[in-house]
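Encoded as structure tokens, the structure appears first; notes follow it.
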């Protein structure tokens, strides 16, 4: 019996040892096996418009085949396609002509020359992949160290992709020779078995070499000139240009294991991770949160003790305070359907973001599985419609709403409709530029089908059960005649409240915001999901506390119209995100044209709207729980 259990345990251990996240299992190559090099797209942080590889007159294979892509890849503008580069595992190539025979160079027409010159001026990068590893350009430089240390070591960083070309004065030069450096890791195999290899790094050194300096023979082999004596390949946009596309392949053995081959790419950015800054913001937020909690708890205890003194009831009633508005505090607000719909969308976003960050933190949505993060986010948002509908329906019933079908439709279409509308308008502009970033029409139809075929029915389902459920139990009755609201001080103004309430949550997350913006707008990889999860938790805590403090002050000022105000004020940090986005655009990005600027601010508007819904919802539910708790704790005659 024991032997059987031991065997089962060993079998399970063997199974877990061979587990890989789907789609990212390693590929073993034997010597001389073909390693396919594919092209992904061309990108530029100056225009924010990706283009597919063959939008420029590069050498083409005999048959162009595009890889089937997931939703995330399509939305990112990736168009993965085969290339004519012939690379074999652990086989060197000194120099080879890519297409056309040496005696018949590639001739670029005036239009093609103009297009290449324009792309070089716009600072475009070319992105290739080998065995799903993106190509990187090595940058070596000396850091600000002492003079003696400078001679010893250089700092090495990697740039994502390689530059299409460069400018010198008003002249354009194209990188027409690519020196590929591929690193392999030799796998341990049993005796008498052939060695297997795994690709662990893919680098390129792009060079610009004039046609006359490339000495090529009849077999398409070529000889590179000396580095000092060669002239670069100029592209003159006013006439036809002749050139050769060439490449060389060099293999090196590496100690890097397959599992850690992405580490190089994830430390690409020249920004040192601000560990100190992130920890500092965490400490500050917890410190402020602690102080706020202590003050509010002590004040509340004192209030409740005073209100509940039987013998001083007459005196208390003459004083001002939050107990005086007990007959109006749960009076339903204006537009309860819109409020519950927005909060339903907020719940949907909250559930989606929480699950995505948590799953990504476990390493299941790493950059190696392309487009997985965006695909997961889209599908999760659709499926979280059940929870959004349930919470919206229950709140709508609590606010004395009756038209549940209209409310459910409003919840399912209000926020997604705004998002779809903005994206569609931006997409028309991208289409006009013939960019691969434009979402194809079939994908748009598929997204609409997901919205009306998955999300809408699920929201209706959740709304139906939420509306049928018992409404939230309010501890005090609402008076028939509304109480008059006294004149409010200037600092109780809605906009002052938004400015005050947004500082703390924004302060907790603005360091992380820098990395997120770099990932979106500067083609960096974002991978700090552990930190992001921590920051998200802090954001939830700080939004809840600020919201409770603001609603407490409002009720003390005898203003019982807190429903909408709490929702608006809790999302105050979205205003600071908008200001930060403008600052980032002016200081960090080099965007000058109209359409790239429109794209930046269009997508930023969507981010700010989503962030406002998220933080507003967190704050609203925290405030609602708080208000119900404090009014349940006092005795009302």
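Keep in mind that glycine also has a Cβ here, set from the backbone N, Cα and C atoms.
In TrEMBL, annotation is done automatically, which means it is predicted and not curated.
Marked as signal peptide by TrEMBL: 1-18.
Taken from TrEMBL, the feature transmembrane segment applies to 275-297 (among others).
Counting only same-chain residues 6+ beyond the ends of the transmembrane segment (341-365), those with a CB under 8 A from a CB of the stretch are 21, 372-373, 376-377, 380-381, 384-385, 387-389, 391-393, 395, 407, 410-411, 414-416, 459, 463, 529-530, 532-533, 536, 567, 610, 613-614, 616-618, 620-621. Residues or ranges marked as transmembrane segment by TrEMBL: 341-365 (among others).
Annotation source TrEMBL lists transmembrane segment at 371-396 (among others).
As annotated by TrEMBL, transmembrane segment applies to 408-432 (among others). A Cβ distance under 8 Å defines the sequence-distant neighbours of the transmembrane segment (408-432), meaning residues of its chain 6+ beyond its ends; these are 49, 337-338, 340-342, 344-345, 348, 385, 388-389, 392-393, 438-439, 444, 447-448, 451, 455-456, 459-460, 463-464, 595, 598-599, 602-603, 605-606, 609-610, 613.
Positions annotated as transmembrane segment by TrEMBL: 444-467 (among others).
Beyond its flanks by at least six residues, the transmembrane segment (495-521) meets 45, 48, 269, 271, 274, 277-278, 281-282, 284-285, 288, 528, 531-532, 535, 538-539, 542-543, 545-547, 550, 565, 568-577, 580-581, 584, 588-589, 600, 603, 615, 619 of its own chain at Cβ-Cβ distances under 8 Å. Per TrEMBL, transmembrane segment is recorded for 495-521 (among others).
Long-range contacts of the transmembrane segment (527-555) within its own chain (CB-CB distance under 8 A, at least 6 residues past either end) are made by residues 266, 273, 278, 281-282, 285-286, 288-289, 292-293, 296, 299-300, 322, 325, 329, 353-354, 357-358, 360-361, 365-367, 492, 497, 500-501, 504-505, 508-509, 512, 515, 562, 565-566, 569-570, 573, 615, 618-620, 622-623, 626-627. For 527-555 (among others), the entry in TrEMBL reads transmembrane segment.
The transmembrane segment annotation in TrEMBL covers 567-586 (among others).
The transmembrane segment feature in TrEMBL is assigned to 598-627 (among others).
Between the transmembrane segment (567-586) and the stretches 371-396, 444-467, 598-627, Cβ pairs under 8 Å are most numerous for 598-627.
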